[in-house]
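Peer 1: From TrEMBL, here are the annotated features:
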TRANSMEM  A:29-54  transmembrane segment
TRANSMEM  A:91-111  transmembrane segment
TRANSMEM  A:123-147  transmembrane segment
TRANSMEM  A:153-174  transmembrane segment
TRANSMEM  A:209-234  transmembrane segment
TRANSMEM  A:254-273  transmembrane segment
Amino acid sequence: MAETAAPLQRAAVATQPARRRWSIPWSRVILGLFSALVLLYLVAPVAIVIPMSFSAAKYLSFPPPGLSLQWYQNFFARADWTSATIQSIRVAFTVMILATVLGVAASLALVRGSFPGKDIVNLIIVSPLVVPAIIVAIAIYGIYVRLYLVQTFWGLVLAHTVLAVPYVVVNVSATLRGFDIRLEQAAQSLGANAWQTFRYVTLPMISPGIFAGAVFAFIASFDELIVALFIAGARGRTLPMRMFEGLRMEIDPTIAAVSSMLITFSVLVLASAEFARRRSRGD
Amino acid sequence: MTTGEVLAGRAYRESTTSRRLEFRRQLGYFLLLLPTLLLLLVLFVYPIVRLIVTSVYDGNHFTLEHYRRIVEVDLYLRVLQTTFTIALQVTLLCLILGYPLAYFLATLRARTARLLMILVLIPFWTSILVRTYAWMVLLQRQGVFNRWLLELGLIDEPLRMMYNRIGVLVGMTHVLLPFMVLPAYAVMRGIDRNLLRAAYNLGASPFQAFLRVFLPLSLPGVAAGSLLVFILALGFFITPALMGGRTDMMIAQLIETQIRTQLNFPFAAALAAVLLVITLVIFAIYNRLLGLDKMFGGGY
C-alpha cells in the first residue's frame, strides 16, 4: 500500500508548494539550522573526546596543543585500568551467551506458544528495561547478601543477564513475528523433527534478530554501572566502575583514551548491526 | 494462497489436531520459557517483592515509619520535588529540541534522513559515562567552554556550568534526547503527506495545516517519547551524581547514599518503592495509550 502510493506522493510533492517557491522559504531555513544545531549538540561532545585523547598537554584542552599517546600508554600500563577492562569483557561476553540462549528459547515460546499467563510473562520479561537500575541494584544486593553472591563473578553475570535478556527477547520476537510460519510447517510436513526445523529453517531466518539481540546484551552488560557498583566489589571491578571512580575523584585524562576506544567500539557495533539489518532485508 | 500452501497448511493442521499432541507442543514451549522465567522470578520479581516487604515490615510487625519519614523530613521531600522538577525540565527540553529535529528529518528523503539519523544513533550507542565525561570536560571550571569564552573576552571569570542544575540538565538531555527523537520520527514518517496536501487544497496555510493536521497525527510518537524520557529521567543516577550540585540531589542518589553510607536498608527500600510505584503508574499509562511493544526495538 505504502509502496504503491510513493510515486504518486512524490509527483504531488513536486507540484505542491508552487506558490511558495519564489520567495526564500525562511521557515524551512530556520528549521534546518535549528536541526543542525541539535545534531551538533548530540554529536560534538562525543566527537571532541577523540582528538583530546591524543593531547600532549597535562590537562584537557581543545584543540590539543600537541599530539601524544601518553593517555593511551597510561591506560595500558596501569593494572587497575586493564584488569577492569578484562573483567568487563569477561562478564559481558558470558552475559551475552547466557542471555542469547535464554532469550531465543523464551522468544520461541512467547511467539509460537499459547498458554495461560503468557501476557504476564511477557510483561515480566520486558520490565527490567523500565524499572530504574537503582531499584534492581538494591533489590538484588538485598538477596545476594544472603546467598553469598556479592563480589562473585557469577553473581554479577546473573544480575546482568536479568538486564540483558529483555533486549534479546524484544529483538528475536520481532523477527520471529515477521517470518512466515508456513516455512516451518512445510519443513515439518516434509519430515523434519522439531530440532531440525529449528536448526535448518527457523534459526537461519531469525539470525539477524539474534545478532542484534546479542549485541544489545553485550552492551547492556559492558556499559552497566549501577548494579555493578553494588554487587561487584573492589576485586571484581568493571570498566564502568573504574571510570566512575576516575570521574568522581578528579577528572582523569586517561578516561579520554578509554572513551575514544569505547566510541570507536560503539561506532563499529552500530555499523555491523546496520550491515546485518540490511543484509537480512536484502538491499 | 497457492494450492501448495493450502495443502501444506491442511497437512500441518491434520497432523496436530489431536489435543494430546497440541498439549505436548505447548508443554515444550513452556519448558523453553522456564529457564528465563525462573531467572527473572528469582533475581528480579522476588528481590523487588522482598524489597517492598522490607520497607513495611521490621521483622516483627508492620510499620509505615519509613514512609512517614519520607513525607515528614523536609530534606527527603525536597529530593522528591527536585527529582520531579528535573525529570519534567528534561522532558520539556527533549521535546523542544527533539520535535523540530524529528519533523525536519521526517520531511527529508528517507535516504538522507537515515544518514543524518546516524548522528542521533552514535551518541545513543555510546556509554553514558563517556558522554557524561565529555560534558564534564566541556563545562568544568577549567573546561573547554570557559577557556574559549575567556580567550574571546566574553567573560572575565569562569562561569559555573557544572555541579549545579545547568550541568545536570545539559547532560541528561543529551543522554535522553534520542529516546524522544526516535519514536517521534518513526510516527512522523508514517504520516500520509496527502493529508497535508488536502489541507492546502482546502485553503489552509502551511502553519494551519501543521497545527491542525500534522501535529495531532504526530502526538502518539511524541507522547511515547515524552513518557519514556520522563520515566528514565526519574531514576537517573550517573549524570546527577557526577555533574549535579550537592543541594540538587535526585532520588536515585539518595537511595544510593542511604545504603552505602547510612546502611539504612529499610528506608532505602521505602524510597525505592515510591520510585517504583511512580514508574509503574507511568508505565501503565504508556501501555494503555500506546502498547508496550512500541517501546523497544521499534524498528529504527
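These residue numbers are counts, starting from 1, taken along the chain as shown.
Placed from the backbone N, Cα and C atoms, the Cβ positions cover glycine too.
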Peer 1: Any chance the transmembrane segment (A:153-174) and the transmembrane segment (A:91-111) are in contact, meaning at least three CB pairs closer than 8 A with a sequence separation of 6+?
Peer 2: yes
Peer 1: Under 8 Å between C-beta atoms and at least six residues away from its ends: which parts of the chain pack against the transmembrane segment (A:123-147)?
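Peer 2: Residues packing against the transmembrane segment (A:123-147) from afar: 106, 110, 155, 159, 162-163, 165-167, 169-170, 224, 226-227, 229-231.
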Peer 1: What parts of the chain pack near the transmembrane segment (A:254-273), using Cβ distances under 8 Å and only residues at least 6 beyond its ends?
Peer 2: 46, 49-50, 52-53, 55, 60, 71-72, 74-75, 78, 81, 85, 211-212, 215, 219, 239, 243, 246-247
Peer 1: Near the transmembrane segment (A:29-54), which same-chain residues lie under 8 Å Cβ to Cβ, leaving out any that are not at least 6 residues past its ends?
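Peer 2: Beyond its ends, the transmembrane segment (A:29-54) has Cβ neighbours at 60-64, 67-69, 71-72, 253, 256-257, 259-260, 263-264.
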